[in-house]
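Annotated features in TrEMBL:
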type	residues	note
TRANSMEM	44-63	transmembrane segment
TRANSMEM	83-105	transmembrane segment
TRANSMEM	126-149	transmembrane segment
TRANSMEM	169-189	transmembrane segment
TRANSMEM	201-221	transmembrane segment
TRANSMEM	282-305	transmembrane segment
TRANSMEM	335-356	transmembrane segment
TRANSMEM	386-404	transmembrane segment
TRANSMEM	410-434	transmembrane segment
TRANSMEM	455-476	transmembrane segment
TRANSMEM	482-503	transmembrane segment
Amino acid sequence: MSVSDDEKKAPEGHHGALTYNKNEADEGVIINASGHKQELDRNFSLLSMCAVGIVTGNAWAALGGSISLALFNGGAPGVIYEFIAVSVFYWIITACLAELASAIPSSAGVYHWASVTGGRKWGKSLSWFAGWWNFFAWVFGAASLSSILANQVITMWMLFHPDYTPQPWNVFIVYVLVTWACTATVLFMNKQLPALNNVMLFLILAGVFITILVSAIMPSTTGSGYATNRAVWSDWQNGTGWPDGFAFVAGMLNGAFAVGTPDCCTHLAEELPRPRTNIPKAMGIQMATGFLTTICYIIAIFYSINDFAGVTDAGFPNPLGEVYRQATSSRGGSLGLLIVIFLPTLGTCIGAYITAGRMLYTLARDDATPFPAWTKQIHPRHRNPFNATLVCAVICTVLAAIQVGNTTAFAAFVGSFVVLTTASFVCAIGPHLLTGRKYVVPGPFWMPKAVATPLLAIANAYIVCFIVIFCFPAALPFDAATMNYVSVVISGITLFISIWWFVKSKSGYVSPTEQVMKSMGVVDVDDH
C-alpha cells in the first residue's frame with residue numbers, strides 16, 4: 001500500500017512537529033508515525049474499525065451491566081440525566097483526542113501524543129505516565145467486563161434456582177473462564193477479528209433493538225403495566241447518604257464507564273489504511289452510536305419497571321435479571337434478554353483485551369516494560385502481539401482473586417478504569433492546551449483555535465475535577481469493607497510507574513518522539 005495523500009501533504013519543520021526525511025521513509029512507516037517498522041497486518045477497513053469502536057465501547061450493554069453503581073445515585077432519573085451529562089463531556093474529550101489521532105496516527109495513542117504535546121522538556125515523562133496509565137486502565141476495563149459477564153451468567157442461573165445463594169468463588173470461576181475464552185479469541189483468531197467484530201456489531205444493534213421492542217410491548221401485553229412518567233423522569237431517589245448534588249456527579253461514574261472508551265480505535269491505527277482520516281471518523285461514529293443506543297435503551301427499560309424497589313432488593317448479582325423479569329413477567333423472558341445483552345458484552349470484553357494487548361505492545365517496543373524483547377514480539381503465525389496479550393490475561397486473572405475477598409472490588413475496577421483513562425488523556429491534551437497546540441502538525445481533522453481552546457479547557461477541567469470525585473466513597477457511612485479503593489489502586493499503580501521511571505528513564509527507554517527522530521529521518525524538532 002502506498003503512502004496516503006494525507007501523509008504526503010504533511011508539512012516539514014513547522015511549530016515543533018516532527019519532520020520526516022521522505023527519501024528514507026518506506027511504506028508503512030510514515031503512516032504509523034511511530035518510528036517503528038510496520039509489523040502488524042492491515043486487516044481492518046473503515047467499516048470494521050467502526051465495528052471495533054462500537055463493539056469495544058458497546059455503551060448500552062456496558063451501562064446496563066454496571067447499572068447497579070448508579071441506581072442509588074438518583075434512581076431512574078439519576079441514571080438518565082447523569083448519562084446525558086457525562087456524554088456531553090466525553091464528546092468534548094473525543095473531539096480533542098480525534099484532533100491528535102488525525103495528526104499522529106499511532107497505535108500508541110495518548111502515549112505517543114503526550115510525547116509530542118509535552119515538548120522536548122516534558123514530553124518524555126508525560127508519555128511514560130500516559131502510556132502506563134492507559135495500559136492499566138484497559139486492564140481494569142477488561143477485568144470489569146469479565147466481572148459483568150460472570151455476574152450475568154450467575155444471574156441467569158439464579159432465575160431458575162431461587163434458593164441458590166451465589167458465592168464469591170462461583171463468580172471467580174466464571175470470571176476466569178470468560179477471561180481466557182476472550183483472550184484465546186484474540187490470540188488465535190487475529191485474521192478473523194474484523195469479521196468477528198462485524199458480527200458483534202450486528203448483535204449489538206440487533207440486541208438493543210430487540211430489548212427496546214420487548215420492553216416497550218411486553219408490559220402492556222402481560223398486564224404488568226408501565227412505570228409513570230414521574231418515576232422515570234423526576235422521582236429522585238438518593239440512597240448514598242451524600243447531598244443530592246454530590247450524589248449526581250458521583251453517579252456519573254456509571255455513564256463514564258459506558259462511554260469512556262473514545263481512544264479504543266486509536267490503538268489499531270497501524271492496522272487500517274488512511275488512519276489520519278479514518279480514525280477520527282470511527283471515533284465520531286462510535287460516540288454517536290453509543291449515545292443514541294444507550295439513551296433509547298435506558299428509557300425503554302425504566303418504563304418497563306413497575307417496582308423500582310424490587311430491582312435493588314431482588315438479590316441478583318446483575319440487577320437486569322429483575323428488570324427484565326418485570327418487563328416480561330416471566331423468568332424465561334428475562335433469560336432471553338440477558339442472553340441478548342451477554343453476547344454483545346462478550347464482544348466488548350474481547351475488544352478490551354485487543355486494546356490492552358496493543359497498548360502493552362507499544363510500551364514494550366520502546367523498552368518501557370520489564371522483559372521488553374519478549375513482550376514486544378509479534379507472533380510469526382498469528383501476526384499479533386501474542387505475548388503482550390497473554391500478560392494482560394494473567395494480570396486480569398490475578399485481579400479475579402481480589403473479588404473473592406472484597407465485595408467492592410467491581411466498583412474499584414470500574415472506577416480505576418475511568419480515572420486511569422482520563423488521567424492518560426490529560427497527559428496529552430493538557431500540554432496541548434497549555435502550549436497553544438504548537439507542537440503538532442495539523443492533520444485532516446483540525447479544529448479552529450476559537451473552537452479548540454475552550455473545548456480543551458473544558459475537557460481538562462472535567463478530568464481534573466472528576467478524578468477526585470470518583471475517588472470518594474460511594475455511600476455514607478463507610479468502613480473498610482465499603483470503602484472506595486480507587487484512590488488506593490491509583491496510588492499504588494502510580495508509585496510503581498514512578499519507581500520504574502527512575503529505573504528506565506536513564507537506561508533503555510526511548511520515548512515515541514525520540515524513536516521517530518531516530519528511525520524516520522527527523523531533521524528538526526523546534527521547542528520554542
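Positions of Cβ are set from backbone N, Cα and C atoms, glycine also.
A quick note: this is a predicted structure, and the numbers were derived from the prediction, not measured.
Only pairs six or more apart in sequence are counted, and the transmembrane segment (169-189) with the transmembrane segment (335-356) gives three or more Cβ pairs under 8 Å, enough to call it a contact. Same-chain residues lying 6+ beyond the ends of the transmembrane segment (126-149) with a Cβ under 8 Å from its Cβ atoms: 62, 65-66, 108-115, 117-118, 171, 174-175, 178-179, 182, 257, 261, 263, 318, 342, 345-346, 348-349, 352-353, 355-356, 359-360, 362-363, 368, 392, 395-396, 399-400, 403, 409-410, 413-414, 416-417, 419-421, 423-424, 427-428, 431, 489, 493-494, 497, 500-501, 505, 509, 511-513.
For the transmembrane segment (335-356), the partner stretch with the most Cβ pairs below 8 Å, chosen from 44-63, 410-434, 455-476, 482-503, is 44-63.
Note on the transmembrane segment (482-503): residues 125, 128-129, 132-133, 136, 140, 406, 408-409, 411-412, 415-416, 419-420, 423, 470-475 of its chain, located 6 or more positions outside it, place their CB under 8 angstroms from a CB of the stretch. Ranked by the number of CB pairs under 8 Å to the transmembrane segment (282-305), the listed stretches 44-63, 386-404, 410-434, 455-476 are led by 44-63.
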